[in-house]
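Record features (TrEMBL):
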- 36-57: transmembrane segment (TRANSMEM)
- 63-87: transmembrane segment (TRANSMEM)
- 99-119: transmembrane segment (TRANSMEM)
- 125-146: transmembrane segment (TRANSMEM)
Amino acid sequence: MDKLKKVLSGQDTEDRGGLSEVVEATSLSSGTRIKGFIACFAAGILCSLLGTLLLWVPRKGLYLFAVFYTFGNIASLGSTVFLMGPMTQLKRMFEPTRLIATIMVLLCFALTLCSAFWWHNKGLALIFCILQSLALTWYSLSYIPFARDAVKKCFTVCLA
């Protein structure tokens, strides 16, 4: 109604494009964003835990573990889309400071699923799940200022 009043009174001099109207109409409130983040993150953790429990199923357990663990990590990573939006998330994922970490995470996701579905190699699936965890940890540390430097320094001191 306010929009109609502004247009009729001549106060609406702003020429908006269709895209800005779509963005404004589809944007989520902060409460909805936090609920979406929590739901998606919880679903990711649940999938990862379910995958861990399915690890002990005879014959197909490792494959189920690889699939559920990967989907859980994808859901957990995707949950941040609710907090910052999809375009911002993609831009931040491919910034130069975390480009290699992002590529490693996505590559580990793909290789884990390939080893489970196409190559049927349990050993590779397990190795890629471990690498997936390490890559995701390194990627997550890139969002905390100086965290990766602190981890590097810690390992340098421990291994020296």
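Glycine residues also receive a Cβ, built from the backbone N, Cα and C atoms like all the rest.
Remember, TrEMBL labels are computer predictions, not curated facts.
The transmembrane segment (125-146) makes no contact with the transmembrane segment (36-57), as judged by fewer than three Cβ pairs under 8 Å among residues 6 or more apart in sequence. Among residues of the same chain six or more beyond the transmembrane segment (99-119), those with a C-beta under 8 A of the stretch's C-beta atoms are 62-63, 66-67, 69-70, 73-74, 77, 93, 125, 128-129, 131-132, 135-136, 138-139, 142.
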